[in-house]
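Visitor: Dumping what Swiss-Prot says about this protein:
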| type | residues | note |
| --- | --- | --- |
| REGION | 1-67 | region 'Domain I, interacts with DnaA modulators' |
| REGION | 67-105 | region 'Domain II' |
| REGION | 106-323 | region 'Domain III, AAA+ region' |
| BINDING | G151, G153, K154, T155 | ATP binding site |
| REGION | 324-443 | region 'Domain IV, binds dsDNA' |
Amino acid sequence: MDAWSRSLERLEAEFPPEDVHTWLKPLQADLRVDSLVLYAPNAFIVDQVRELYLARIRELLAHFAGFSDVFLEIGSRPRPVEAQNAPFSTPSAHVSSEPQVPFAGNLDNHYTFANFVEGRSNQLGLAAAFQAAQKPGDRAHNPLLLYGGTGLGKTHLMFAAGNAMRQANPGAKVLYLRSEQFFSAMIRALQEKTMDQFKRQFQQVDALLIDDIQFFAGKDRTQEEFFHTFNALFDGKQQIILTCDRYPREVEGLEARLKSRLAWGLSVAIEPPDFETRAAIVLAKARERGAEIPDDVAFLIAKKMRSNVRDLEGALNTLTARANFTGRAITTEFAQETLRDLLRAQQQAISIPNIQKTVADYYGLQIKDLLSKRRTRSLARPRQVAMALTKELTEHSLPEIGDAFAGRDHTTVLHACRQIRTLMEADGKLREDWDKLIRKLSE
């Protein structure tokens, strides 16, 4: 039994079984030589573990392993793959080496177009990824860049495209990497003086998929090598699919020539899902798990959890885990009881003061400007946007929103909401502002 298993056994004896099942059992452990990395499915579990259990985990680890360094991360533990099938090595950020990555084995075949839930927020991204999979290398979508906040489905679409390419052509060399893996592989090649081999290995793929290219910012040599890799693949009509947490031109430290290359193909924003899409996602994920979730429970989660798909999944995991443990049916009352802290945290994260500050900062204003009685266009439009965002992202009533904006009447708030919705249909810049603000508030 390893140090983490022994620590977990002790924690099970010290804490209520229900708490252990909800907060500690979902953790995936990666025990290193002198540290432990715990992967959690969502940020809420990370916060709970950090606040309630981390100090005790460190004490137990020091006792059983002789060290107490513990790192909490969101995601899944890296899965080992067979080194003999690999074209090159890609060490992770935490260890000096990692099993090599094969062309086929590093695509997660769970993520397909069939189980991707389509909505207004991701419709264009889905269509673009599907076209890239159908016609890889076509200049209309090469490179394909999917950008947006965390947990919105960018990686799902990337995997779906890669899996579709391999389904159509089982011999296709489709390589998926996180950006830090590209960086680590390059560093190793530099150290071992095997850069020529490094370049050949990347340039022989049929499709290159790289996640989170914002990680390249400020890394000049990495950007240079990726720039040359990009050019070789593009000239060879090999498909490139990338993701970024924002539009690349907004990433400081990314070279102008690389930003220019990324604009050659198709860039698509993936936005936070709307209510209907969120509800559909909850129901779809529940079906995948074989769980029976009433529609009203899905609607409750969708109404309260507005930020991203990952948080929706986290809420669903917490709900189903407690239901399985207690044997209770999943009802609205059970969901409200189980998710009370999670829902409260969501409400606190997106508050009226937070919205006002975010909008004011975005437009280069002071909060007092948004609350003032002045009606100049430079103030009136941001004020309307702030009120509309508050209606969209919080549970506050129109009168409450009006009160928060210097005592304005509820009809003023209603007019602002309708006005912004109407204007966004025709004003692309306003729509872009709205989407960017949604992303900022959902991070």
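Including glycine, each Cβ sits where the backbone N, Cα and C put it.
Have a look at these and tell me how they're positioned relative to everything else.
Guide: Looking just at the region 'Domain III, AAA+ region' (106-323), the mean pLDDT is 90.
Following the DSSP three-state reduction, the secondary structure of G153 (ATP binding site) is coil.
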Visitor: Go ahead and report the DSSP secondary structure tallies for the region 'Domain IV, binds dsDNA' (324-443): helix first, then strand, then coil.
Guide: 92 helix, 0 strand, 28 coil
Visitor: For each of the binding-site residues (G151, G153), count the other CB atoms lying within 10 A of its CB, then report the residue with the highest count.
Guide: G153
Visitor: If you draw a 10 Å sphere around the Cβ of K154 (ATP binding site), how many other Cβ atoms fall inside it, taking every protein chain shown into account?
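Guide: For K154 (ATP binding site), the count of other Cβ atoms within 10 Å is 26.
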Visitor: Give me the sequence-ordered set of same-chain residues, not including G151, G153, K154, T155, with a C-beta within 8 angstroms of the centroid of the ATP site's C-beta atoms.
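Guide: So the extra residues in range turn out to be L146, G148, T150, L152, H156, L157, T243, I270, N308, V309, R310.
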